[in-house]
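Asks: According to Swiss-Prot, the protein has these features:
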TRANSMEM  54-78  transmembrane segment
TRANSMEM  119-140  transmembrane segment
TRANSMEM  163-185  transmembrane segment
TRANSMEM  240-260  transmembrane segment
TRANSMEM  276-297  transmembrane segment
BINDING   GLU352  [CaMn4O5] cluster binding site
TRANSMEM  432-456  transmembrane segment
Amino acid sequence: MVTLSDRFVGSDLKTSGYPWWAGNARLINLSGKLLGAHVAHAGLIVFWAGAMTLFEVAHFTPEKPLYEQGDILLPHLASLGWGVGPGGEITDITPYFIVGVLHLISSAVLGLGGVYHTLRGPETLEQYSDFFSQDWKDKNQMTNILGFHLIVLGIGASLFVFKAMFFGGLYDPWVPGGGGVRVITNPTLSPSVLFGYLFRSPFGGEGWLIGVNNMEDVVGGHIWVALHCFIGGAWHLITRPFNWARRSLVWSGEAYLSYSLGALSLMGFIASMFVWFNNTVYPSEFYGPTGSEASQAQSFTFLIRDQRLGANIASAQGPTGLGKYLMRSPTGEVIFGGETMRFWDFRGPWLEPLRGPNGLDLDKLNNDVQPWQIRRAAEYMTHAPLASINSVGGVITEPNSVNYVNLRQWLAGSHFILGFFFLIGHLWHAGRARAAAAGFEKGIDRKTEPVLSMSDLD
C-alpha cells in the first residue's frame, strides 16, 4: 500500500477532513499551499492564453476575416488596435505572436511559483510574516486583502486607458470609411453621462450598459472604474469593517468563495449581453455581425440589388402590404421594410452614414451608398449568428462559409452558461457558509460517499 509522507499532511481525508478530489477545500487552513494552488492555477490560465494565441497565429489566413477562422483571442487583441489597418484589416500578426510568447513565459514563472509554494514554501504564510496572514475569521485582514485586490483591478483598468490614450489607441469601428485605429484624446468624464447608463432601460434602443456606442464613453468609463477601484482599495486598507458589516456578513473561507462566484456570475451575464448585442466594444469586423445587424444587412443588400435593377425602393410593397424595402417605424422613422422591421432599432457604423434626421434618407440611399458599405452588408448577411453553440454546419444561407459558427455565439453562449453555473455555485456555497455560521449541519454526510467503501488502488 502506498503511504504519504508528512509533506502531504493536511492534504488527504485523514488529516484534513476532505478527500483528495475535493480540491482546494483540503487547503483551507494551509494558506501557503493554498497560495501555491492559486498561483499554479493562474499559470494554467496564462498558459492556455499564450498557447491558444500562438495556435491562432499559426492558423491565421490573411484572406479571411477573423470571425470566419474560429479565432476567439485574436479578435480581442485586434480590438486593442494591434496589427490592424483601415477597415479592420489585419496587417501585421507580429504583435499577436509577441503577446502569445510573453504569456507562455509568464505561465512558466507562475508555474514555478505554484510548485514552490506547494512543495517548498511554508505551509502557512503566517510562518513567514503576519502581513500575509489568511486567517478567514480575521475581519481586518480580510478587508486588507480586498483592498489589495481592488487596487490591482484599478491598475488593470488604468492600463486599458493608457493604451487608448497614449500607446497607439484602440480600434474604433465608427471611424468614417469603415473603421480604423485611433487615439482617444477626449474621453468622456461626465458622471451624468457615464452613470446614466446604469439608469437606462435594458430594452429597445436604450440597452442599459450594453447600449454604449462610442469609444469616448468606453474609455471614460474605465477611468471612473479605475478611480473607484483605487479609492475603494485605499479605503479598505485604511479602515476596519463597521460593526454592521461584522454582524451581518459571514466571515469564512466558503463565504468569500460564494461572494467571488456571485461577482463572476454577474460579470459573465453582462459580458454575454455585451458580446451578443454590442458592435462597438466587440466590433463586427472581428467578431462577426450581431443578429439584428445581419438582418438589416440582408435588407440593405437586396435593396441595393433591386434598386440597380430599376425598382422604386420608396413605394414598392411586399406581399403583406408593408413596404418591401422601406417603411415607417412606430415612431415615424424611416426604416427597412419587411421582416427586418423588428430590428429597426439597430445602429451600425456601416449604416449610420445613410440616415438623416427622420431615419434612413432616401436621397442618400439613391446617391451616396459607398462600395465598402455594400461589401460589408453582403458579408454580414451571410454570417448571421443563427447556428447553435455546438453546430458544425451553420445555416443554409451561408454558401461561402463551410462549418461556420458566428464568434458571438461561442463567446456569448459560453459566458452565459458559465455565468449560470457560477450563480449556482454562489447559491450553493452561500447556503453552506450561512449554515455553518448558524451552527447546524451542512452538506452530505461523508460516511455515505461511495468512494470511502472502495478498495485501495493497489
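Each residue, glycine too, has its Cβ placed from N, Cα and C.
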Asks: Which residues of the same chain, at least 6 past either end of the transmembrane segment (276-297), have a Cβ under 8 Å from a Cβ in it?
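Replies: The answer is 65-67, 74-75, 78-79, 87-88, 171, 173-174, 179, 207, 210-215, 218, 336, 339-340, 343, 345-346, 348-351, 376-381, 383-386, 406-408, 411-412.
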Asks: Would you kindly list the residues that approach the transmembrane segment (119-140) from elsewhere in its chain, counting only those six or more residues past its ends and only Cβ-Cβ distances under 8 Å?
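Replies: For the transmembrane segment (119-140), the nonlocal Cβ contacts are 7, 10, 28-36, 240-241, 246, 251-253, 256.
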Asks: I'd like the Cβ neighbour count for GLU352 ([CaMn4O5] cluster binding site), meaning other Cβ atoms within 10 Å of its Cβ, all protein chains included.
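Replies: For GLU352 ([CaMn4O5] cluster binding site), the 10 Å Cβ neighbour count is 10.
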